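Listed in TrEMBL:
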BINDING   Gly113, Ser114, Asp252, His317, Ser318  pyridoxal 5'-phosphate binding site
BINDING   Tyr146, Lys281, Gly316, Arg410  substrate binding site
MOD_RES   Lys281  N6-(pyridoxal phosphate)lysine
COILED    335-362  coiled coil
Amino acid sequence: MSSIEEKDKEYIWHPFTQMQEWVAQPQMVIEAAEGIKLIDDQGNRYYDGVSSLWVNLHGHRHPVIDQAIIEQLGKVAHTTMLGLVNVPAAQLAEELMAVVPQGLKKLFYSDDGSTAVEIGIKMAFQYWQLKGKPKKQKFITLANAYHGDTVGTVSVGGIDLFHRIFSALLFETIQAPAPCCYHCKLSSGTELCGMACSKEVEKILEEGHEEIAAIIVEPLVQAAAGMLTQPPGYLKRLREITEKYNVLLLVDEVATGFGRTGKMFACDNEEVSPDFMMVAKGITGGYLPLAATFMTDEIYNAFLGDYAQQRTFYHGHSYTGNPLCCAAGLANLKIFREEKVLENLQGKIEAARNKLAGFTLKHVGDIRQRGLMIGIELVENPQEKIPFPWEMAVGAKVCKKAREHGLIIRPIGSVVVFMPPLASTITEIEHMLDIIYLSIREITEDEPLQYDARDVAAVMI
Ligand SMILES: *Cc1c(COP(=O)(O)O)cnc(C)c1O
C-alpha cells in the first residue's frame, strides 16, 4: 500500500506547480482542520495564514455552515438550473441582492472566479451587439491584472509570467497602466493621486470609446499582482468616466469581496455601483465552489425578447447554482449578520496595522495593506528599491520557514502574502505576524541566501 503522499505524487498534477520539484520533496498532507488551524497527518497544527488561498472567512468546520450543508444534503445535493428552480439558489440570490451595491439587480451563477469573469466579459460584449452598437467590442484592462486562468480571463489579464506563452490564443485588449501608490510618481495615498492615475484611462476612453465595450478592474487591490493597492478615489473616478463615455465597468471582486477590505465589498469603500460585479472565493465562506456575476437591470433587460429573436445568453455550466453550495452561501451571510463580522473587523485591521508598523527589518520594503489583505515586499536594498534576484526565491524561503513555526502562507514572488481568515482573533493575528517577522529575519538576516530548488517546490508561484 502506498502512502497518501505517494499516491499524490504518482497521480496528481498540482496547480501553479513545477511538478519535477514537487515530487522530489517531502510534502505536507492535510487531514483535518479546526477553526483557523489546519491539521496534518502527524497531528501538527498550523495557522491557515492565507485562508486556503483567499477563500476561508469564518474558519474551518464552522458549525453554522457545516449544519447548513448537512441539512441540504438531507433534501437534495444537486439539480439543474436549466429549466428548474432550486430553493437555496433563489433564497441566496435574494439575500445577496440586499448586500451588493444598489444598482446591481440580477445575478448569474457559476462555479469559480474564472467562470464568473468569463460570463461578465461575454455579457458585456453581447450587450453592445444587442444595443445596436456592434463596433463596441474592445476591453480595457490594467497592467498586472489577474482575472483567472481560462483563455478568456487570461486575455484580460496582465501578468506576463502566466500569460505570455498563450498570447497567440488570446483576444486583444487595450492595456492601461496600473494605478499603484508604490510606483506612482506623485505622493501616494491621496485623492489627487487617484485622479492622476485615472487620467491615462480617461485618455483611452476619450479617443476610443466608440469601439470600447468595457473596462475590467480589480477594485482597490490587485491581489495576485502582489497586493498592489490603488490610491483612494481611483475606482470612483473610473465609475465617473465610464459613465461619461458610455463604457461598461466590470469589477472583479473575486478576491476583495466578502469583507476582505474591511467592508462587505471593495466597491463600498468608494460608494461605487458598477455595471457588473463578479464574486467567488468567499461566497461560501471558503467551503464549496460557487460564483456569481451581478449586473444591472439595464444589462438584463437588453437581453429580453421573443425566443426567436435570439437575444438569449447562450451560456451555462453543469453545476450552476448548486444547492449545497448555495446553502453554504446562505450560512456564510448568516454568520456575517449574527457574528457581526464586519463590525469586529476594524479592530483586527488596526491591530495588524500596528504590528506591521514594527516591521523595521533590513530587507522589508513596501508593506501594503487594505483591510485584511496584506503584502510585505522583500527587497535586497529598500532605499534604492533594488529587488532580490527572483531565482533566490526569497518569498518562498520565508514561507517555508514560517511552516517550521506553525504558519502556512504562500508568497507571490518576493512578496509575502498574509490574508488570514476574518475570524482570526487579534491575538492570533498578532501571533501570525510575529511568526512572519521572525521568519523574514531568519531568512534575510541570519542565514546566507542561496538558491535551493527545495525552497521553491512547495510554495513558489
Ligand atoms: C482568484 C481570482 C480569480 C479566479 O478565481 P478562480 O476561482 O481561481 O477561478 C479571478 N479574479 C481575481 C481577482 C482572483 O483573485
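Each residue, glycine too, has its Cβ placed from N, Cα and C.
Keep in mind the model is a prediction, meaning the values are calculated, not measured.
Shown here: features listed in TrEMBL, placed on the structure.
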| residue | record | DSSP class |
| --- | --- | --- |
| Gly113 | pyridoxal 5'-phosphate binding site | helix |
| Tyr146 | substrate binding site | coil |
| Asp252 | pyridoxal 5'-phosphate binding site | strand |
| Lys281 | substrate binding site | helix |
| Gly316 | substrate binding site | coil |
| Arg410 | substrate binding site | coil |
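Residues 57-58, 62, 64-65, 99, 258-259, 262-264, 285, 369, 371-372, 374, 376, 382, 418, 422-426, 429-430, 433-434, 437, 440-441, 444-445 of the same chain sit 6 or more residues outside the coiled coil (335-362) yet have a Cβ under 8 Å from a Cβ within it. Tyr146 (substrate binding site) sits 10 Å from Ser114 (pyridoxal 5'-phosphate binding site), taking the CA atoms of both as reference points. Here Arg410 (substrate binding site) is compared against the binding-site residues Gly113, Asp252, His317, Ser318, and the shortest C-alpha distance is to Gly113. Remark: Lys281 (substrate binding site) has Leu53, Trp54, Val55, Gly113, Val254, Ala255, Gly257, Phe258 as non-local neighbours, by Cβ distance under 8 Å and separation of at least 6 in sequence. With respect to ligand 1, the binding-site residues Gly316, His317, Ser318, Arg410 contribute no residue with a C-beta closer than 6 angstroms to one of its atoms. By a simple count of nearby Cβ atoms, those within 10 Å, the most crowded of the binding-site residues Ser114, Ser318 is Ser114. Long-range Cβ proximity for Asp252 (pyridoxal 5'-phosphate binding site), meaning a same-chain Cβ under 8 A and a gap of 6 or more residues, is found for Gly113, Val117, Gly120, His147, Ile216, Val217, Glu218, Pro219, Met278.
Largest Cα to Cα distance within the recorded substrate binders Tyr146, Lys281, Gly316, Arg410: about 33 Å as a whole number. Least crowded of the binding-site residues (His317, Arg410), judged by neighbouring Cβ atoms within 10 Å of its own Cβ: His317. The pyridoxal 5'-phosphate-binding residues named in the record, Gly113, Ser114, Asp252, His317, Ser318, extend over a maximum Cα to Cα distance of 23 Å. In this structure, the binding-site residues under consideration are Gly113, Gly316, and the one with the smallest number of other Cβ atoms within 10 Å of its Cβ is Gly316.
Annotated pair Ser114 (pyridoxal 5'-phosphate binding site) and Gly316 (substrate binding site), C-alpha to C-alpha distance, rounded: 13 Å. For Tyr146 (substrate binding site), the Cβ neighbour count at a 10 Å cut-off comes to 25, with all displayed protein chains included.
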